[in-house]
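K.L.:
Sharing the feature lines straight out of TrEMBL:
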type: DOMAIN; residues: 25-81; note: domain 'Acetyl-coenzyme A synthetase N-terminal'
type: DOMAIN; residues: 83-467; note: domain 'AMP-dependent synthetase/ligase'
type: BINDING; residues: ARG191, GLY192, GLY193, LYS194, THR309, SER521; note: CoA binding site
type: BINDING; residues: GLY385, GLU386, PRO387, ASP409, THR410, TRP411, TRP412, GLN413, THR414, ASP498, ARG513, ARG524; note: ATP binding site
type: DOMAIN; residues: 529-607; note: domain 'AMP-binding enzyme C-terminal'
type: BINDING; residues: VAL535, HIS537, VAL540; note: Mg(2+) binding site
type: MOD_RES; residues: LYS607; note: N6-acetyllysine
Amino acid sequence: MKELLSRYPVSPQATQNTHINADKYQQMYQQSIEQPDVFWAEQAEQFIDWYKPWKQVSEVNYQTADISWFKGGQLNVSYNCIDRHLASKANQTAIIFEGDEPTDDFRVSYQELHDNVCRLANLLKTRGVSKGDRVCIYMPMIPEVGYAMLACARIGAVHSVVFGGFSTESIKARVLDADCQVVITADEGVRGGKKIPLKANVDAALVDCPDVHSVIMVERTGVEVNWQDQRDVNYQEVINHYEPMCEPEMMDAEDPLFILYTSGSTGKPKGVLHTCGGYILYAAMTHKYVFDYQEGEIYWCTADAGWITGHSYIFYGPLANGATTLVFEGVPTYPDAGRCWQVCEKHQVNIFYTAPTAIRALMGLGDELVEKHDRSSIRLLGTVGEPINPEAWHWYYEVVGQSCCSIVDTWWQTETGGILITSLPGAVDMKPGAAGKPFFGVKPAIVSKEGDVLEGEARGRLVMTGSWPGQMRTVYGDHQRFFDTYFSQYTGYYFTGDGAKRDADGFYWITGRIDDVLNVSGHRLGTAEIESALVLHPKVAEAAVVGYPHEIKGQGIYCYVTLMSGVDCQQSLTEELQALVADELGRFAKPDYIQFAPGLPKTRSGKIMRRILRKIAENELENLGDTSTLADPSVVKDLIDNRIVHG
Ligand code: 6R9
């Protein structure tokens, strides 16, 4: 195996140029913890334009799950993302659109963004949408998805973006749960050369949603669609009839901004509700500091608007900071797996933010596709969504970043609104695989299963002491569920659902969801740790590990391994991998079974669905549960056919 560094100190050069350096981080962090209300009041004044000041900075009660920030303060999020930049940036690019086909791109200036958002806001008003109403947005990754979100924010409507890859059933459930009466969609989406019938999906979903009276459809491909004259509105046909001026609605800081559905370990997806003031402050501030965004830079986050990362770090955070944000319609592997780097070269991207799963997929396809594109504009690389295994980290650092870009790991959740733990560039050393240190105002703690707070070097469950402005406020329509899910386990703390360890230097390492923790012969093991070990092997592209009941050890270790393209799976490789894990983590961690799998079951946001893998490893095939949210349901059949049946 290669010799790899486990810690990269902040370079003196980086320290001079970043917004935050190590000393400043210490000093600001200290203040944010000792005098949180003073700290957050200063930040709120600096980052956000308010119509009216707040009465109280924060009111937080974890016994009842009642949380408010800047109550009584008035603002408008779309004003903060657009209007206030116009005096100096009307002609600056707000959005660079890069289409699915590499020849398809255009730019949207802040003035154009303003006009487009206002027109759509006016259209929504004429369809009867007003403050507090819920609007469902089911769109491909085109600028109009941003216009739609901001148009809602402008008039005080609450948007609920449903990922464009979700099926009819998911749309229906979300429209009904939030009681949306308007849906904004497109005729079709285009991704990786394939068409997605968005309008047809909406039509099918709405058969059971009688309260939806308006569907606004953006034409993306011009395909013929079914039409209901009373209900359906063609965006392109009508939009220019609306004024490019629409007075922003004055919103209380605690008025809802959006709902975003997310799945937990149990039950149907929860409608995570975020409010205006705290959310936009937290999104803007983290975007500026965590990505060290400097005026004029080109910033690209590859997420989809249907996920929280798209909300906070494609649209709200960057636009609140007057940044140029790239909106990408396609996928990293179309027309070939060099697409990301080709786009970086073409648009001179400075900051690139993606997920480890994408990094691992691209890593498996070789370095040539990276190296043939000029990446000299890139100075910062980010990751989000899951722990990054050190092997992928090193590839990202050395091959993509040519060993001269900071890598910023960002740990957070739909529920947290923005990044909570990170290796702040220029301020916090980089340790491959570690999420890093808390952002300003964030007080993580590690507790044992029983709820004892562990000090110093520790391993346990990650909770948060106290609140931060970007925290979710409730589960839409079910406050009790909000309390039960996050505040009932450990009194006085927000429970993240993740396991973590804190090392001697105070860095946090996420070990994965609590439900993915294995107990093998009394040893606690994060499945992520075993996966990291497996992918150290040069022939391994990706690995997913689950536990299964084992008579003697409690749990056994079952690994699904995807090999680099062109590699054959022989028995000797199984033994090599078992030995590798045993070497990396200890003999107790030696995998019992390794199944070679050409593909892993992933949600459309790229998360591996371990539930399915666990069932297959347990040979419990009758009860695989819902597989309809998988990006590619056919991988499941292959996994079943090639499973290792054990006694
Ligand atoms: C932003 C987002 C949240 C869960 C979270 C954790 C995992 C996210 C991570 C990470 C390790 C990181 N997660 N970022 N684990 N390192 N940098 O992904 O939100 O979709 O709600 O997922 O993702 O397990 O609890 P969401």
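Cβ atoms are placed via backbone N, Cα and C, with glycine included.
Map these features onto the structure and tell me what's around them.
P.N.:
A simple way to gauge crowding: the CB of ARG191 (CoA binding site) has 17 other CB atoms within 10 angstroms, across all the protein chains here.
Counting only same-chain residues six or more apart in sequence, the Cβ atoms lying under 8 angstroms from the Cβ of THR414 (ATP binding site) belong to LEU260, THR262, VAL272, TRP307, ILE308, MET472.
The 10 Å shell around the Cβ of VAL535 (Mg(2+) binding site) contains 25 further Cβ atoms across the protein chains shown.
Within the same chain, residues at least 6 positions away in sequence whose Cβ sits under 8 Å from that of LYS607 (N6-acetyllysine) are THR357, GLY385, GLU386.
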K.L.:
Once VAL535, HIS537, VAL540 are set aside, which residues in the chain still have Cβ within 8 Å of the Cβ centroid of the Mg(2+) site?
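P.N.:
Output for this site, in sequence order: GLU391, LEU534, LEU536, PRO538, LYS539, ALA541, ALA543, VAL561, LEU577, LEU580.
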K.L.:
Do you know which of the binding-site residues GLY192, LYS194, THR410, TRP412, THR414 end up with C-beta under 6 Å from ligand 1?
P.N.:
THR410, TRP412, THR414
K.L.:
If you count Cβ atoms within 10 Å of the Cβ of THR410 (ATP binding site), leaving out that atom itself, what do you get?
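P.N.:
I get 24 for this one.
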K.L.:
I'm trying to understand the geometry here, so how far is the Cα atom of GLY193 (CoA binding site) from the Cα atom of VAL540 (Mg(2+) binding site), in Å to the nearest whole number?
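P.N.:
Computed Cα spacing between GLY193 (CoA binding site) and VAL540 (Mg(2+) binding site) is 28 Å.
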K.L.:
Tell me, how many other CB atoms lie within 10 A of the CB of GLY192 (CoA binding site), whichever protein chain they belong to?
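P.N.:
If we count other Cβ atoms within 10 Å of GLY192 (CoA binding site), we arrive at 13.
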K.L.:
Fewest other CB within 10 angstroms, which one of the binding-site residues LYS194, HIS537?
P.N.:
LYS194
K.L.:
So if I draw a 10 Å sphere around the Cβ of THR309 (CoA binding site), how many other Cβ atoms end up inside it?
P.N.:
25
K.L.:
Tell me whether THR414 (ATP binding site) sits in a helix, a strand or coil according to DSSP.
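P.N.:
Looking at the DSSP assignment, THR414 (ATP binding site) belongs to a helix.
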K.L.:
Ten-angstrom check, please: count other Cβ atoms within 10 Å of the Cβ of TRP412 (ATP binding site), all chains counted.
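P.N.:
The Cβ of TRP412 (ATP binding site) has 26 Cβ neighbours within 10 Å.
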